[in-house]
Amino acid sequence: MAGLKRDIKNLQNKYSRTMNNEDVAEKVAQTSRESSACVRKRGLEQAIGKVDEDNIRLRKKLDLVKYESDKQHERLTQLLTEYEELMSGKIRKTIEKKLEHPLKKKIVDLENQLHRVSVMQMEADTVRKKYRSVRANLKADAAFYVSSLRNLEQSIKEQEMEIKQLQGVKEEAVELRDITKEVLTQQEIEAMNKSKERDNVLLDYRQRVEDRRMELERLERMIFPTTRLPPRDDDFDVAEKPAENGIDNVGGISTGEMTYLGEAFTKLRSATGVTRNEEVLDRFLGQRATKEKLQKMRTTMEEDKINLEKRRQQLTAEIEMQKFSETKDADQNAEELTKSTMKIAAEIERQVNAEKENLYIQGIIEDIAKMLWNLCDKLRDVSETSRSDNVDKPENPFVLLEFLDEKMMAAIKLMGGQDEYTKWVKEIAEKIDTLSIESTSDTGKHDEAGDERPLFPRFPGAPTPAAPPIPSEDEEEVPTRSILKRQAQLLVDTKSRRKAFNFRR
């Protein structure tokens, strides 16, 4: 025992020196001075290389120190376990030596059993409180995740229906676009053909009108010559010109012109295809009326041409507007499609995250079920319940919680009812408060005692109804019921601190 205490003391001193890091601070200061000197003497690259080498070397040393520290920790834990085993064996031997009387031994056994049952009752009470809160949280989380999954499925179905509807609308719009394109191209082709036909008819009519006009002008010039101005009275050659030129004074027309006009009239009559002279004038008047009609037709055709040109411009503008609207609709459909795809991707990602969270929660529930099963396995011998104790590991932790509730109720009944249980809990709480105060005072006393203090603190015993016998100088003190209770409570507190339940929402 003395050797073990000495080894533990040496290991604690080494651990404190390692935690203080005095040698490390000196080495760091030395390496910083060496690195600054190296930077001054050599170049920057060489200094960086040297610093890297020092860093690697220090990392290796750090790994070695960590390895040695882990080994020392393992050695320390091993020594502590050996010490506990030795102390428990020693206490057991002393108890066996001193408990020779059978009635006293039976009393001590009953007290130990009662203490063990009370400790188990406390553990079960704390576990029941914790797992009730865990159960409520799990129920709330399960309801929340079920509702969120249902909402996600409903939204995904609605989005799929909307996507199908949009695809149908898109297909109908594409079909209507193709149909309108075909109709507009046909209308444009028909308008172009009609405009070409009208242009050809107009050119033909213009050519005819021009030919007739030229023919009529020629005939008019032939039939109705231009009138000449009569001679003036003050002209000196008035009396001489008729005699010289051979002009007939009857009509003011010479014989040569008369013969020319006669020949032209005969040609006109032969051209018109009439035999009598009166019909030539009628034919001439008819040609004039035809000319007027052609001019009217020309004006109407020009007006129709202008209207058709306006109509063509209007149709081209409508075609351009249709093209613009089609491109705009296509852009809108593309934007809506991209938005819907982005929404679908976001919903899919959200569903995947929800499934991951669900799997994580299921894993937590399985861990809790395992822990509950272990606790139920430990509480099998407390009392008999309506359920069979041979319970396998169920997937549902609520079955185990109900089993624990039954065990707790059975333990409370064994203790004497709810009133006895509450009274016992209050007494234990008061004892724990007194133990905490006494432990603080004992730790101060042990600090003043020096190196000869024990490794684990021993609490002073409370007065009991049966006075313990006075031990001799050679024998140690037998642990009473209060000491065992305090040590068990200390062990329970340490276990509860180690096994802290941290659930992330």
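The chain as shown is numbered from 1 upward.
Positions of Cβ are set from backbone N, Cα and C atoms, glycine also.
Any TrEMBL annotation is an automated prediction that lacks curation.
TrEMBL lists 1-28 (among others) with the feature coiled coil.
Look at TrEMBL and you will find 149-176 (among others) tagged as coiled coil. Residues 329, 333, 336-337, 340, 343-344, 347, 350-351, 354, 358 of the same chain lie 6+ residues outside the coiled coil (149-176) yet bring a C-beta within less than 8 angstroms of a C-beta in it.
Beyond its flanks by at least six residues, the coiled coil (291-318) meets 184, 187-188, 191, 194-195, 198-199, 201-202, 205-206, 208-209, 212-213, 216 of its own chain at Cβ-Cβ distances under 8 Å. According to TrEMBL, the coiled coil annotation covers 291-318 (among others).
Residues annotated as region 'Disordered' in TrEMBL: 437-481.
The compositional bias 'Basic and acidic residues' annotation in TrEMBL covers 443-455.
The compositional bias 'Pro residues' annotation in TrEMBL covers 460-471.
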Taken over the coiled coil (291-318), the model's mean pLDDT: 85
